[in-house]
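Participant: Take a look at this one; I'll ask things after.
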């Protein structure tokens, strides 16, 4: 008798993806973040759905509706803070996942990697639009500043910005469309994530050594299901510690002031997970140049396979590249810190140096280190 798990048209797909999937025997905890991202996405969709039941996307009532959710809706406060802090956990997992891919050379799976970059952009767009919805001061001014960047595009810029706004400023039309997009995008992300997995399962997973995984495979269940459950428990623990003890730790106090177009906050800054890109944007005195640098800071990931000069896939046995990788991590943390600081001395010059270092490391220094390591192998 055939097993239903293996014969049923729908169960067969799930079985081949999560149960009988051959997985490398030596993948470390850095390979847990894929499943954690899936959990984050499901959590965000569920909490977001319940928030949408009580939220009103209208400039006059949006701020009040969020206050109403926190005060009057049963467990509304926990749903709201799980959603807000869930976004932070999502980005922590995302950056860890991308960093793992860079360190272990996973970008050589071209289709998987490129879908991943598209996913990153989609999640960033979703998070940005979600931040606008509570209609606090930072929501309004963040939306104004970031959408205004598109006006730097020659010839069509101004028309494009007004088209996105649905008027001559960020107003009711903007809020309504941002809510619509914020609702639909996570489902598009879920579909893209399935394509991401589809392409990954065509090749199988990479492993820390960077050599072929085919020599030693084990079934995904029970080995990696139990490992993923442990990861999930730690993720939920971290999220709930944040939500229940310091729910506003990562937020901006300005967002507890209702949006006021006549009063500009002294320091306009996005959520912490965009600060590194914001620092790169601000470090260039030219508007168009800043916008290009901002986009390229993420789009540069597409070039990773082209910039791979090493004869080895992973950085596991490449000390020079490892050193540069961790300098890049430190550099990104520096940019994150600078993005949250006011535009004044010495932060301006630190931001400019960190921005130059960021592009220099990825485009020049890391490929050069790879080539030096290749020559060392000849001995």
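For all residues, glycine too, the Cβ spot is worked out from N, Cα and C.
Residues annotated as transmembrane segment in Swiss-Prot: 33-53, 77-98, 113-133, 178-198, 226-246, 288-308, 320-340, 347-367. Here Swiss-Prot flags 83, 182 as heme b b562 binding site, drawing on similarity to another entry. Swiss-Prot lists 97, 196 with the feature heme b b566 binding site. The ubiquinone binding site annotation in Swiss-Prot covers 201 and is backed by similarity to another entry.
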Participant: Is residue 196 (heme b b566 binding site) helix, strand or coil when read with DSSP?
Facilitator: helix
Participant: CB neighbours of the residue listed as 'ubiquinone binding site' within 10 A?
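Facilitator: Step by step: centre on the Cβ of the residue listed as 'ubiquinone binding site', count other Cβ atoms within 10 Å, giving 14.
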Participant: Should anything in the same chain at least six residues away from the transmembrane segment (347-367) have a Cβ under 8 Å from its Cβ atoms, list it; otherwise answer none.
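Facilitator: Long-range Cβ neighbours of the transmembrane segment (347-367): 279-280, 282-284, 293, 296-297, 300, 303-304, 307-309, 321, 324-325, 327-328, 331-332, 334-335, 338-339, 341.
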Participant: Pop the Cα-Cα gap between residue 196 (heme b b566 binding site) and residue 182 (heme b b562 binding site) into the table, whole Å please.
Facilitator: 21
Participant: How many whole Å apart are the CA atoms of the residue listed as 'ubiquinone binding site' and residue 97 (heme b b566 binding site)?
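Facilitator: Taking the Cα atoms only, the residue listed as 'ubiquinone binding site' lies 17 Å from residue 97 (heme b b566 binding site).
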Participant: So which of 77-98, 113-133, 178-198, 226-246 has the most C-beta pairs under 8 Å when paired with the transmembrane segment (33-53)?
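Facilitator: Result: 77-98.
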Participant: Just the number: how many Å between the Cα atoms of residue 97 (heme b b566 binding site) and residue 83 (heme b b562 binding site)?
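Facilitator: Just about 20 Å between their Cα atoms.
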Participant: For the transmembrane segment (226-246), which recorded stretch in the set 77-98, 113-133, 178-198 gives the largest number of Cβ pairs separated by under 8 Å?
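Facilitator: Of the candidates 77-98, 113-133, 178-198, 77-98 scores highest.
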Participant: How many other Cβ atoms are found within 10 Å of the Cβ atom of residue 83 (heme b b562 binding site), counting all protein chains shown?
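Facilitator: I get 21 for this one.
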Participant: Can you give me the same-chain residues 6 or more apart in sequence from residue 196 (heme b b566 binding site) with a CB-CB distance under 8 Å?
Facilitator: 112, 115, 116, 119
